[in-house]
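K.L.:
Following this message is one structure expressed as structure tokens.
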Amino acid sequence: MAIPITVLDCDLLLYGRGHRTLDRFKLDDVTDEYLMSMYGFPRQFIYYLVELLGANLSRPTQRSRAISPETQVLAALGFYTSGSFQTRMGDAIGISQASMSRCVANVTEALVERASQFIRFPADEASIQALKDEFYGLAGMPGVMGVVDCIHVAIKAPNAEDLSYVNRKGLHSLNCLMVCDIRGTLMTVETNWPGSLQDCAVLQQSSLSSQFEAGMHKDSWLLGDSSFFLRTWLMTPLHIPETPAEYRYNMAHSATHSVIEKTFRTLCSRFRCLDGSKGALQYSPEKSSHIILACCVLHNISLEHGMDVWSSPMTGPMEQPPEEEYEHMESLDLEADRIRQELMLTHFS
């Protein structure tokens, strides 16, 4: 059972009722354009979030000194979409930077609690077949139920001794594993992996790999780039294509895999706290992981609500560390190589 959280307005406690308080900011008093520019989401979507998260963000007995769920949601959206605790963001809704930080923490945890509600892999055959049909219609790649990749998000150094979060560029980061469908809906998100881990190691240790290795999704596969090992359930591109069929396979693979690359750019453009433009996330790895997951939940909710997430200008994620390519290891999985060869022979010859 979720435990409701009350955030007290520090400004009200310090200065009394004469100081401007959160509850004086009303959504109905501002324009839709203002809400989009400041918080990145339209009015009705914000109202939906307040209703969805309200039980977590307020106590059963309303206290006059508690920050309203509405204001907590606005504070969190302001941070997610700007990547900053700038004074102007707090001033816009009448709270201090300290209060805003607590609002972000509480909304983040409330969204993380609901991650499984909005980020889920399809289980029924009809939904899986629909995914395959949609991906096939995109570039002619059969059997695909999702595309997988990893993205690094910069975080502050946990401590001087811990090098596990230092990636190949010498920066501290989390390496986040994600799978999306053709619309950019995230079906799997794992945000807790340290930046020193290569993509292939993240996937190998993930719950996603365990599911596919256990045979939960037979006759289906994911598409991954050359930073992953070829598997019976994970098709990767050929390192050096030679035949026309191999070239056609690689072209279809690239066109299909580009969906998740676009999804990453969209995520980081909408949620600027992830793109590194305002610096690394100034939190512990655990809290940073939760913030990333909360943004992914919001991304999926906005897609469910029919929001156009692709039209905003795309800035892209932080510069990603280079990955090793593992095509020279593919021969270790002879069955996976056989499946890919059969795929090329049947569909790309």
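Including glycine, each Cβ sits where the backbone N, Cα and C put it.
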K.L.:
Please state which member of Glu113, Glu125, Glu261 Swiss-Prot lists alongside Asp149, Asp199, Asp225 for binding divalent metal cation.
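P.N.:
So, going by the record in Swiss-Prot, that would be Glu261.
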K.L.:
Within 8 Å of the Cβ centre of Asp149, Asp199, Asp225, Glu261, which other residues of the chain have their Cβ, at the recorded divalent metal cation site?
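P.N.:
Checked against the 8 Å cutoff, the neighbours are Val148, Cys150, Ile151, Gly224, Ser227, Phe228, His257, Ile260.
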